[in-house]
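Peer 1: Pasting in a structure now, in structure tokens, and then I'll have a few things to ask.
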Amino acid sequence: MILPMSSACLGQFLRASPRGMIEQFNRAPPLRVSIRGAAGVEKSLGLGRNAGSQQGMQKNQLQDKIRKQLREVQLSPSSYDTAWVAMVPVQGSHQTPRFPQCIEWIMQNQHDDGSWGTNLPGSVVNKDILLCTLACVVALKRWNTGRDHISRGLNFIGKNFWVAMDEQTIAPVGFNITFSGLLNLATGTGLEFPVMQTDIDGIFHMRKIELERDAYGTASSRRAFMAYVSEGLDSLQDWDQVMAYQRKNRSIFNSPSATAATVIHGHNDSALCYLDSLVSKLHGPVPVMYPQNAYSQLCMVDTLEKMGISNNFSCEISDILDMIYRLWIHNEEELMLEMGTCAMAFRLLRMHGYDISSDGMAQFVEQSSFDDSIHGYLNDTKALLELYRSSQIRCLEDDLILQDIGSWSARVLQEKISSKMTHKSEMLGVEYALKFPVYATLERLEQKRNIEQFKTKEQLKIEGFKLLKSGYRGAITHDEILALAVDEFHSSQSVYQQELQDLNSWVAHTRLDELKFARLMPSITYFSAAATMFPSELSEARIAWTQNCILTTTVDDFFDGDGSKEEMENLVKLIKKWDGHGEIGFSSECVEILFYAIYNTSKQIAEKAVPLQKRNVVDHIAESWWFTVRGMLTEAEWRMDKYVPTTVEEYMSAAVDSFAVGPIITSAALFVGPELSEEVFRSEEYIHLMNLANTIGRLLNDMQTYEKEIKMGKVNSIMLHALSHSGGGRGSPEASMEEAKREMRRVLQGSRCDLLRLVTRDGGVVPPPCRKLFWFMSKVLHFVYMEKDGYFTADGMMASANAVILDPLQVTLLPSGLGTL
């Protein structure tokens, strides 16, 4: 693989530190996980083999708890929504509650301080708790029951009423409408609050401002939002208009509170059926959103993948995605009507190999799908980000649906950055997503970032749970997930460091470090393996990948001018002859070192693969090397003879193989699990996958290095395309070059789409674990050759490599939460 590391910045970096990260590794202290406390005091936890065990919970116990959550979705009760359902009367009798079990639950679930809601021990009072408490008080007063509960609830509200006035406090969706609406109901029933009238007037003033303000969306989005919070509008709401948002399950936006308010104000029989079914299933309390199984389980799967621990739950994840797939093909509203849920489902299903088209995403092809929705009214960055990410999972170059979604969502996200109206934490997420598209992210690097930003239960006490109209804890077992992720990341770093030491020894043993021209970068090349094939059990695949990365880069330097024509031809003949190399001999010590490094390493890899492959596959490795050096020799001859290929196609006939992905993937594929038959290596599918990966790498390399290569007398695709479209020299050279870059980007995008389609499709001769290696390679190449902001610098790559292999996790926890790890 040809890395863009021949640039001046890397040369300076190598001269400053010839051993690269190996030197730092030898000086590195034992691994520790750095913990930042709430007061900013940094502590360190020395971790043994099992961090989870040292913190009081065995690894298998962590897995069992997470596995249980995956299998059984546990709905978080919403005191707010339960209170609204409790206010629904029996039809024909306004003096009798239709759902007495909801009243009973409210009376049994008041907290000692008089409040209701998701106020975990130690959490601060927030607007959600205040809203839930007021709703429960009003519900009890509606049926003239629970006088003591009402008294204690009113006392709590009086003590904390200031929270409702604090505009800096995070609020549930529509709080200024829902809270004031309940306050209006409460005063109408004769309830008296131990607060000043001016404070109550202040709440109604905030309500007036909310009703009059222009939000981020359109008139359509405002109507949808007002229907969503309709329980807070009372007589101001057009209840017939609300029914336009009724779903097939007869709810209003899957919201029990909005549906209950609709029944109360209009006695809608179909909406009542939704509530009857809901209360019957859950035996009393209701959640803030129902149904939410699909959303909750998708979030769990997505979280486990982002934290790097999904491999522990492959069976459960497969079952969940099978269920999601069934919902998708049946176009179920639970999945399809929510922008974020639909986009997440599309991304996960497609990346897991389910055969789905982008037709289900067609509803979001116009920006109006966002602007005219509740998401637009609330400026919902999370849903927009999910939509943007899903648009990048393109398997067809001419997929106009995903192309249009990606175009407008990227533009809106960029506008959010420019306007600076997005919360700081969300802003960082937007900037990161725009800088690193899905096809240019490396899993282990992403996972470390996610682990360090993951919120524990302790943090949620301070920062609050995800808020809809009321607090929503979801199905995430926060502390268990974090503990398992920290443990596995730490364990993998220990493995990575040992493998890096072994690779350093291999470099010395092969005598590659005696070659003055060799760019020996075991740390950087190993990073590309560890960041994609991160599970500890893929050790041999990582080592084979890295060894061949180092070898191909060294051989490329040799053919780029450090070897004479005689030496280059000699090396090509030796590799073609392979076991019969003794008949040819070596033209120089340099050639001898190179050949034996390739030959002996390939034989060792093949021998290690015998138990998995049930045969010796060294011939396939040797053949991949033959294709590679043959292409390199052709390019070298062009350079020495000052020959310019007449077409891009002629150039690519050699340049694709010379990019040298072949030896890397062929060697690593032997260790990823499945047995690879002769049929696999000879199949059109395998050859096409290899050609696409090499093409992607070659085009990325050409687009970044064409200016330097022109000065060196080398040709590449950008220059050739510009020459062929310059009108015989009559056109502008600059314009021709820009047109060439645009065309090559189009070809690159098409190749990337084709590769993803082959990698994710169901069936095929090449086993899925092997196919994934080609996608990993593509992601590495896009990351390495990233043009934006000059990211690919020596310092940038060094920092990324250190983050995965060396640097301890920076996990932010409150001191009282340390024991949960």
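A Cβ is built for glycine as well, from the same backbone N, Cα and C atoms used for every other residue.
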Peer 1: Among 116-120, 236-240, 556-560, 616-620, find the range that Swiss-Prot records as motif 'DDXXD motif'.
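Peer 2: In Swiss-Prot, residues 556-560 carry the label motif 'DDXXD motif'.
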Peer 1: Report, as a single number, how many Cβ atoms besides its own are within 10 Å of the Cβ of Glu709 (Mg(2+) 3 binding site).
Peer 2: 19
Peer 1: Take the C-alpha atoms of Asp556 (Mg(2+) 1 binding site) and Thr705 (Mg(2+) 3 binding site) and report the distance between them in angstrom, rounded.
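Peer 2: It is 15 Å, counting Cα to Cα.
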Peer 1: To the nearest whole angstrom, state the Cα distance for the pair Asp560 (Mg(2+) 1 binding site) and Glu709 (Mg(2+) 3 binding site).
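Peer 2: Rounded to a whole number, the Cα-Cα distance is 11 Å.
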Peer 1: Tally the residues of the motif 'DDXXD motif' (556-560) by DSSP class, grouping H, G and I as helix, E and B as strand, and everything else as coil.
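Peer 2: Output for the motif 'DDXXD motif' (556-560) reads 5 helix, 0 strand, 0 coil.
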Peer 1: Within the motif 'DDXXD motif' (556-560), what mean pLDDT does the predicted structure show?
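Peer 2: Mean pLDDT, the motif 'DDXXD motif' (556-560): 93.
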Peer 1: Among all the protein chains here, how many other CB atoms are within 10 A of the CB of Asp556 (Mg(2+) 1 binding site)?
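Peer 2: If we count other Cβ atoms within 10 Å of Asp556 (Mg(2+) 1 binding site), we arrive at 22.
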Peer 1: When neighbour density is defined as the number of other C-beta atoms within 10 angstroms of a residue's C-beta, which of the binding-site residues Asn701, Thr705 has the lowest density?
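Peer 2: Counting other Cβ atoms within 10 Å of each of the binding-site residues Asn701, Thr705 gives the minimum at Thr705.
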